[in-house]
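Engineer: Feature table excerpt (TrEMBL):
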- A:D24: active site, nucleophile (ACT_SITE)
- A:D24, A:D26, A:D245: Mg(2+) binding site (BINDING)
- A:D26: active site, proton donor (ACT_SITE)
- A:K220: substrate binding site (BINDING)
Protein chains: 2
Amino acid sequence: MAARLSTKADYEGLLQSYDTWLFDCDGVLWQGTQLIPGAKEVLAFLRKSGKAVIFVTNNATQSRKMYKGKFEKLGIDAHVDEIVGSAYASAVYISSVMKLPKDKKVYVIGMSGLEEELRDEGISILGGTDPADNVLGSFSLENWTPDPAVGAVLCGLDVAMNYTKFSKAFNYLLRNPGCEFLATNTDSTYPTAHGLLPGAGTVSAPLRFALGRDPLSIGKPAGTMLECIKAKHDFDPARTIMVGDRLNTDIEFGKNGGLATLLVLTGITKESEISGPNASPTVPDYVTQSIGDLRALIEE
Amino acid sequence: MAARLSTKADYEGLLQSYDTWLFDCDGVLWQGTQLIPGAKEVLAFLRKSGKAVIFVTNNATQSRKMYKGKFEKLGIDAHVDEIVGSAYASAVYISSVMKLPKDKKVYVIGMSGLEEELRDEGISILGGTDPADNVLGSFSLENWTPDPAVGAVLCGLDVAMNYTKFSKAFNYLLRNPGCEFLATNTDSTYPTAHGLLPGAGTVSAPLRFALGRDPLSIGKPAGTMLECIKAKHDFDPARTIMVGDRLNTDIEFGKNGGLATLLVLTGITKESEISGPNASPTVPDYVTQSIGDLRALIEE
């Protein structure tokens, strides 16, 4: 059973137990463009207390550089190296784990942040924000010359997803021998300040359905993002805690990596999913209402 | 095991056994805009022999009237009442089976043919070809007023599917109590003369994934289309044969309805799916290479 945190002593125990704090962002630090009350103060306090702070987000619409801009806008300190996004992790996976040869290309259903991370890793891409693929309407194979160099299709959240992109991606996966089917992440929904929208998983869903085949998902809860963090930061998993709002991504990610886990209830997961008859089998180590609760540590 | 037809005597046996002939269209009579050689002559011969001919298509992008135009263009006789499409069947289902109250509306992800059939049944619709919903790019719940009268979301093949349509449909299904999730059909792929494209099932796939809930599919293999045929045509199931190119739609539809089934190999299903170690458990009564094979009946 998860430990419910509520007293100053509870949060002090947490502070003494963990040196490295991994944070999911959407639903934990902010909701859309609105900061969670207290998030900024708590992060500043953790840093002042000598803790390492790392931001681990499945959001693949933005590159780490773009994401840093979001932190700045909200008044939170963050260095690019402290941000690990599934766009970056996908680029690292393709270049370093999958080792896609340099003469091969990736067909992307995704946005400019994903393209930026792929290009920064020296990966050649097709699709994405190319105006030719950002159209509404029918698609004909008759006038299309598929590129035999495409060795992977990568799907991230793309608010410009459309039939042309799906048709091309589908045909690459169908025709190009060995073409890998990858997803930055497969979050089913995307939390905003005004409610839920379809998440990144809905971008690969049409291809899953047409092909009868599932993508390899790079983001949380898979371990690739933890490998990306390990490559840049020294940390002891036994003294590291993952803070998130989603059981099937954040909390499972922490558990898979041997980290402690803290669930906050300011995002996707609701109280009914962690207690009562319909509780999920994924149980976080700790639960608190909001990251802002840790302000108890700061107040005199 | 399916009976393989190849001799004139085989086809004569078929002719004598069945009075009503149901035909799938794409992959059986034509591939995209190209007629299957002999299809026209075989259909004319069946009519001349006193057989009832009915066209049963999962294609929901066109109304029956529009589909009749396609037959005319290809030089095939067809009356609107001989055509049963999943767009029409969806409209009949919503008005006659589901009995959606007249003050309720359907949010449509689909094309003009689907809208036409719905309007002809007196159903109020939102979405579809509305220019406001046919846009590429982000969607915000902040500036959107959902319509509480939406009592169903209906997904058909829509080459203009996009994030705005998915976001609205998702929120109707999430927020409007009792809102039904319907699909005209869930064909995974769409055959064209130049290869496969994503099928109608890829339009409901993002919503399935975001909601963790499956739509009720109206088209083949479900029985609603057979009910629509029964409402207009007298026929004896024991003397009726369904001709199709797809095991999991056409052949299962025939079997579910107690009809005989004839598989042709000019469309989706390949030889490897009906024989050998990977054969499907769905076994048609008869198999022939092409509808054109029945020309054996015509030749002297």
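We count from 1, first residue shown onward.
Even glycines carry a Cβ here, placed using N, Cα and C.
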Engineer: If we check Cα distances from A:K220 (substrate binding site), which of the recorded positions A:D24, A:D26, A:D245 wins as closest?
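Structural biologist: That would be A:D24, the closest of A:D24, A:D26, A:D245 to A:K220 (substrate binding site).
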Engineer: Please report the distance from the Cα of A:D245 (Mg(2+) binding site) to the Cα of A:D24 (active site, nucleophile), rounded to the nearest angstrom.
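Structural biologist: A:D245 (Mg(2+) binding site) to A:D24 (active site, nucleophile), Cα-Cα distance: 7 Å.
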Engineer: So if I draw a 10 Å sphere around the Cβ of A:D26 (Mg(2+) binding site), how many other Cβ atoms end up inside it?
Structural biologist: 20
Engineer: Taking the Cβ of the residue listed as 'active site, nucleophile' as reference, which residues of that chain separated by at least 6 in sequence fall under 8 Å from it?
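Structural biologist: Looking at Cβ-Cβ distances below 8 Å from the residue listed as 'active site, nucleophile', excluding near sequence neighbours, one finds A:F55, A:V56, A:T57, A:N58, A:K220, A:M242, A:V243, A:G244, A:D245, A:R246, A:T249, A:D250, A:G267.
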Engineer: Among all chains shown, work out which of the binding-site residues A:K220, A:D245 has the most CB atoms within 10 A of its CB.
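Structural biologist: Result of the Cβ crowding comparison: A:K220.
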Engineer: Starting from the Cβ centroid of A:D24, A:D26, A:D245, which together make up the recorded Mg(2+) site, report each further residue of the same chain whose Cβ lies within 8 Å of that point, ordered by sequence.
Structural biologist: A:C25, A:G27, A:V28, A:L29, A:T57, A:P191, A:G244, A:R246, A:D250, A:V264, A:G267, A:I268
